[in-house]
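What follows is a single structure, written as structure tokens, with notes after it.
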Amino acid sequence: MPGETEEPRSPEQQDQEGGPAAAADAASEELRPGAAAAPAAPAETASSRVLRGGRDRGRTAAAAAAAAAAVSRRRKAEYPRRRRSSPSNRPPDGPGHQPAAAKPPSPAQGKKSPRLQCIEKLTTDKDPKEEKEDDSVLPQEVSITTTRASRSWRSSSRTSISRLRDSENTRSSRSKTGSLQLVCKTEPITDQLDYDVPEEHQSPGGISSDEEEEEEEEMLISEEEIPFKDDPRDETYKPHLERETPKPRRKSGKVKEEKEKKEIKVEVEVEVKEEENEIREDEEPPRKRGRRRKDDKSPRLPKRRKKPPIQYVRCEMEGCGTVLAHPRYLQHHIKYQHLLKKKYVCPHPSCGRLFRLQKQLLRHAKHHTDQRDYICEYCARAFKSSHNLAVHRMIHTGEKPLQCEICGFTCRQKASLNWHMKKHDADSFYQFSCNICGKKFEKKDSVVAHKAKSHPEVLIAEALAANAGALITSTDILGTNPEPLTQPADGQGLPLLPEPLGNSTAGECLLLEAEGMSKSYCSGTERVSLMADGKIFVGSGSSGGTEGLVMNSDILGATTEVLIEDTDSTGP
């Protein structure tokens, strides 16, 4: 059955199978160097070995080798890759097979093994021509006669012995026979060839079973395949030549279109990268991360911080109302503007301002000097700080980065935005209003200045109506030595000095009627001013003297909270 090993058979069974098989088995047993072989005979001379019938020994060895090779090939064809027994157990093929007559061995041959005799004969009697022929044929016989490597459970010594025996037998037989080219150069077809086994190799009936098992193992070893060994030093092995090249598949039109699109994208990306590289060549290379070396003399770049998103908040501290772009800025503002004490004083004699931080003091100290290191590249105007230059540059560029989130008002400076944001919260910031036009102001003094500038007639009329009117011609307008007022008569204005109108002409003084309407004005420049004692002066001043009306602010009635400042004071 396939896959099963054949058990060794006894000598009696071998005799029953046939005499020719026993003869082949005996021939192979005679050639095998066993462990129980007879010891070698004493050394003989070369002439005695030649006279012992070298030609017959050569024929015997050649016949044995041919029989073994024939049986091995036949079994390979019938049962591929199976464990098979020795060729001695199978009968020879062909009905006309006649074994050759066996020659009785001589006494000298019984003393020495046939293998040693063949070796000695070849070494002594071989011609130079035969040696050259054997050397040329040797590479071809190796592929036929080399035995296969043993498995792990078989002995390696037996494998080497069988290889040596087969190679020596084929050499000796080919040197004596004329069929050298047929055996070595071409491999015969097993189905068309008949092999003859000589009769001289018939084994006697007394072969032990142990010897038969050893012979069977040797034949199995010779028939097995050589296992693969990966030798890294083998330069002739080229695995890429053994592989079958896959057939190229036909590419569809879609694949070509996708490839064309990819090529276009790659070309566009390459062009963009080239443009970026050209732009970056002008710029300085980016600084590498890590610690700064001691020998690095390049200027230190400021640390970049990401700006937080804009979230306008207002400072709720009393009297502040500053608008900031993020709650984090608000915390910083409250800490350094309201909680931290001002301990840095400006050393300038005419200043004396206080600051919370030293850098604020250093920035302020530049204003007391005439040093202007920051120059505008558009108009060549110089500034004392880089911040002032940056704000000024926005005038040329038209940039207004700050914007009111309520009405969209844009400006360049944060102070302008803070001033603008107060308009949207008029109830808290503009608590003082004009009672004539209703305009609101942040300070009370701004209302008084507004009335004196925008509504002077109404202010004078209200003042004279409340005071019943009086003509002032005193030179002491500051009230340091006030003259007593005389009572009015017949609804006319009363002079402060005796005979004030005697030497005065029409149009040189102010005369008010009882209704509070003026008839004429004194010559000179009219003005309304607040004196030191809280009185109001309305009149004209000249180099010769000053004339006008002096009124108490307590008699103004509804406008008692209004304080009138000099018209030179700044207003909105």
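Keep in mind that glycine also has a Cβ here, set from the backbone N, Cα and C atoms.
Feature annotation from Swiss-Prot assigns compositional bias 'Basic and acidic residues' to 1-12 (among others).
Taken from Swiss-Prot, the feature region 'Disordered' covers 1-308.
The compositional bias 'Low complexity' annotation in Swiss-Prot covers 61-70 (among others).
For 72-85, the entry in Swiss-Prot reads compositional bias 'Basic residues'.
Taken from Swiss-Prot, the feature phosphoserine applies to S86 (among others), supported by a large-scale study or a structure entry.
Among the features that Swiss-Prot reports, phosphoserine is placed at S106 (among others), with the record citing a large-scale study or a structure entry.
Positions annotated as compositional bias 'Basic and acidic residues' by Swiss-Prot: 122-131 (among others).
Look at Swiss-Prot and you will find 143-162 (among others) tagged as compositional bias 'Low complexity'.
Under the heading compositional bias 'Acidic residues', Swiss-Prot lists 209-225 (among others).
The compositional bias 'Basic and acidic residues' annotation in Swiss-Prot covers 226-247 (among others).
With DSSP states grouped into helix (H, G, I), strand (E, B) and coil, the compositional bias 'Basic and acidic residues' (254-271) comes out at 18 helix, 0 strand, 0 coil. The compositional bias 'Basic and acidic residues' feature in Swiss-Prot is assigned to 254-271 (among others).
Look at Swiss-Prot and you will find 272-284 (among others) tagged as compositional bias 'Acidic residues'.
As annotated by Swiss-Prot, zinc finger applies to 313-338 (among others), with the evidence given as sequence analysis. Taking Cβ pairs closer than 8 Å, the zinc finger (313-338) reaches residues 356-357, 417-418, 421-422, 425, 428-429 in its own chain, all 6 or more past its ends.
Residues 384-385 of the same chain, all 6+ positions outside the region 'Interaction with MAP3K14/NIK' (340-370), place their C-beta atoms under 8 angstroms from a C-beta of that stretch. The region 'Interaction with MAP3K14/NIK' annotation in Swiss-Prot covers 340-370.
Under the heading zinc finger, Swiss-Prot lists 344-368 (among others).
Annotated zinc finger per Swiss-Prot: 374-396 (among others), in sequence order, evidence recorded as sequence analysis. For the zinc finger (374-396), same-chain residues at least 6 beyond its ends with a Cβ under 8 Å from one of its own Cβ atoms are 363, 366-367, 412-413.
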